[in-house]
Amino acid sequence: MKTPKVGFVSLGCPKALVDSERILTQLKTDGYQVASDYDGADLVVVNTCGFIESAVQESLDAIGEAMSENGRVIVTGCLGKDEDKIRQMHPNVLKVTGAAAYQDVMEAVHEYVPAPPKHNPFIDLVPEQGIRLTPKHYAYLKISEGCNHRCTFCIIPSMRGDLVSRPVGSVLEEAAALKRAGVKEILVISQDTSAYGVDTKYKLDFWNGQPVKTKFFDMCEALGQLGIWVRLHYVYPYPHVDAVIDLMAQGKILPYLDIPFQHASPRVLKLMKRPAHSENTLEKIKLWREKCPNLVIRSTFVVGFPGETEEDFQILLDWLVEAQLDRVGCFTYSPVEGATANDLPDHVPEEIKQERYERFMQVQQQISAAKLQKRIGQTMTVLVDSLEDEYPVAVARSYADAPEIDGNVFVEDIDKSTIQPGDMLEVEITDADEYDLFAKLIKIKSV
């Protein structure tokens, strides 16, 4: 009997990527092979995104392609919450499940393509860190599912539910397994990382025989003992974040904080139902930088939110200049089906949204360029992601750069035979542009 094969398409954010990794790991554990193309697959799983309309369309297109090329498709992920929308376009999909519905996906796979008999997962070994879709040297670590906030532009709680934190012992054991597998950078992700453990009332758990609370600070402190890069994403500026800044100042975790501020106008923040006030946030940033001078702050913002006036937008620009954030992403507001913001009055015309986006990015580009110029002459440790095909250049990142969303450090004039992805290098920064740094190699620190 031939081994059944399952094709897999993964769309969406890093949190969805982790969901895909878990499903793939379970498929492998149950004896399935992962097909490299549609033709060789007995069925195809499509993990969808449904956050904004463009992502919904991309997901529907991916389902359509899988149906056309294979014809036996199981749909999961955030868009799976809206089964009617999926079946309206693709009525013959085998099964539709929601986000993080690992067991439902596996039951559907077993139903339509039974697992091979006499499979022994202890003989057909699955790596202890599971199947990963990222390069070997970094990995995403999802610590919770869902969110307790009800931001008016977001439908995540309707797709993924309220906050459910993983037991801290499980989180830390996964992190330790990743380190044993050679991972040198862990990116901590969730919908609201700093709320970790709130739903469990900070329940006591155990790791390596020691008691650890299911709590943001305690988890970060334990992760800091692993001796690898730990990067925090999707953090709200709650008061208890201050204590984690101390860990960064001590070198326990990377001095990098990803906080989606979204706006700075108090009026717009209120319309968004965001749990932060811009003046308090500026004070927080000042305090954090006093504690940890090399702290890098990344954030994302939405311009053209319904009701945003020119005055609101100018408040945002002024705040941006004062905050001097290191890394920034910006999006024009896009209506999301099911978001309560759609019902707000005074929607901003598309041409004004675009004009504000361009003005915003121009201001931030100047801030970013000035900050990177100050790096010239500094010695930094960087992690190599890849090597250029045609040039003697290593594409790397420093502590200030998360993969895929931030800039790179291009280490020039290297001997490519001595360096490979996952190596840690010590470099001197020689030049900079608006988003990237250029460097020369001092030495290879670790391989």
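Cβ from N, Cα, C; glycine included.
Look at Swiss-Prot and you will find C13, C49, C78 tagged as [4Fe-4S] cluster 1 binding site. Positions annotated as [4Fe-4S] cluster 2 binding site by Swiss-Prot, on the basis of sequence analysis: C147, C151, C154. Taken from Swiss-Prot, the feature domain 'MTTase N-terminal' applies to 4-114, supported by sequence analysis. Under the heading domain 'Radical SAM core', Swiss-Prot lists 133-370, citing sequence analysis as support. According to Swiss-Prot, the feature domain 'TRAM' maps to 373-443, an assignment based on sequence analysis.
Shown on the structure are the features that Swiss-Prot records.
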residue	record	DSSP class
C13	[4Fe-4S] cluster 1 binding site	coil
C49	[4Fe-4S] cluster 1 binding site	coil
C78	[4Fe-4S] cluster 1 binding site	helix
C147	[4Fe-4S] cluster 2 binding site	coil
C154	[4Fe-4S] cluster 2 binding site	coil
Which value does the mean pLDDT take for the domain 'MTTase N-terminal' (4-114) in this predicted structure?
90
On a C-alpha basis, identify the one among C147, C151, C154 that is nearest to C49 ([4Fe-4S] cluster 1 binding site); the candidates are the binding-site residues.
C154
What is the interatomic distance between the Cα atoms of C147 ([4Fe-4S] cluster 2 binding site) and C78 ([4Fe-4S] cluster 1 binding site), given in whole Å?
14
Please compare the binding-site residues C13, C49, C78, C151 by how many other CB atoms fall within 10 Å of each one's CB, and tell me which has the fewest.
C13
Residue counts in helix (H, G, I), strand (E, B) and coil for the domain 'MTTase N-terminal' (4-114), per DSSP?
55 helix, 21 strand, 35 coil
C154 ([4Fe-4S] cluster 2 binding site) to C13 ([4Fe-4S] cluster 1 binding site): how many Å between their Cα atoms?
14
Given the recorded [4Fe-4S] cluster 1 site (C13, C49, C78), which additional residues of the same chain have their Cβ within 8 Å of the Cβ centre, ordered by sequence?
L11, G12, K15, A16, T48, G50, F51, A55, G77, L79, A99
How many other Cβ atoms are found within 10 Å of the Cβ atom of C147 ([4Fe-4S] cluster 2 binding site), counting all protein chains shown?
21
If you take the centroid of the Cβ atoms of C147, C151, C154, the listed [4Fe-4S] cluster 2 site, which other residues of that chain have their Cβ within 8 Å of it?
H149, R150, F153, I155, I156, P157, Q191
